[in-house]
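Presented below is the structure to which this report refers.
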């Protein structure tokens with residue numbers, strides 16, 4: 001979710017070690033959550049068109065959440081075909097994000113060089129989805145744009161995406177059922193994903209970062225609307241029933257056999273979090289095929305002139321659940337608020353902090369911390385500082 005116009009910011013992680021134990025972890029984020037100020041006062045259509053451009057990561061999910069919020073505000077329900085097309089675009093973006101992490105980031109921890117050649121075919125495939133669905137690229141319209149699905153191009157894109165994923169993580173990953181299968185897979189393959197999993201297993205880090213932070217439930221848009229409008233700091237410090245929560249792939253696919261087994265053994269530790277990204281990535285071609293069955297040509301949705309109302313919209317990103325809330329006054333954006341996965345997963349009392357406090361400060365604490373941060377996947381650059389003190 002890195003943004004344009006200098007609104008990216010960073011996340012500073014300060015770790016206090018006392019008597020060889022992590023005594024405290026303090027997070028300081030300079031990431032702006034006030035994107036709404038850039039949209040307020042603009043006509044709805046103009047504001048919507050800007051949303052994906054404000055974010056160089058997760059732009060499609062941001063646009064989809066904003067479009068969903070506008071539809072809720074003005075009382076429009078998109079057709080099944082439009083909803084399926086929008087979800088296909090979101091899943092393509094999730095594939096792109098997981099692929100980038102695996103090919104470019106994971107070699108820092110598992111060994112090997114960044115896999116530019118592995119990433120490029122995947123990105124070429126996902127970039128073909130928008131024109132294959134919306135040749136006019138007007139998918140962000142409330143109610144949906146001019147939907148003209150090209151079945152041949154979509155089928156070819158799914159095939160190319162499947163091949164790219166198999167090259168990146170190895171074929172057959174979706175058939176893994178438990179932790180033993182995962183270990184066998186890691187030992188029998190040689191790619192950025194298998195090397196990282198093998199390193200985590202070899203160094204006995206499967207449960208590292210495990211915490212009691214609960215998963216964010218599958219909440220309705222109305223819940224987010226209520227909290228974004230009633231709590232001034234909810235965008236920066238979100239909570240569920242007064243407690244922090246975690247969102248992401250590990251919770252979206254918690255019921256799959258492999259992730260369920262890993263959670264029984266390792267909770268929400270490193271092995272579960274990283275494996276979940278692989279399970280989700282491997283499942284995407286089949287999910288795209290299933291959604292394609294709902295597609296049909298459709299004209300753009302009709303919107304009332306100068307609508308007034310408010311509503312919330314949701315979308316999933318690779319990092320977790322994203323929520324937008326918008327208020328319209330005669331077609332003009334009066335207020336716009338968001339809460340992103342970054343604020344859930346890097347809450348001052350959330351998964352990162354709870355996963356580190358109380359642990360022994362071993363020699364490779366920084367490496368393990370960097371791994372946990374990578375598993376939670378912040379949407380801004382992250383800087384780690386470790387300060388050591390002797391006890392009284």
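Any Cβ shown, glycine's included, is placed from N, Cα and C.
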Listed range which TrEMBL flags as region 'Disordered', given the options 295-314, 315-334, 335-354:
295-314
For residue 379 (Ni(2+) binding site), what is the tally of other C-beta atoms lying within 10 angstroms of its C-beta?
26
Any idea what DSSP makes of residue 58 (Ni(2+) binding site), helix, strand or coil?
coil
Three-state secondary structure, residue 382 (Fe cation binding site) (per DSSP):
strand
Comparing the binding-site residues 58, 382, which residue's C-beta has the most other C-beta atoms within 10 angstroms in this structure?
58
Using DSSP, what is the helix/strand/coil residue split across the region 'Disordered' (295-314)?
0 helix, 7 strand, 13 coil
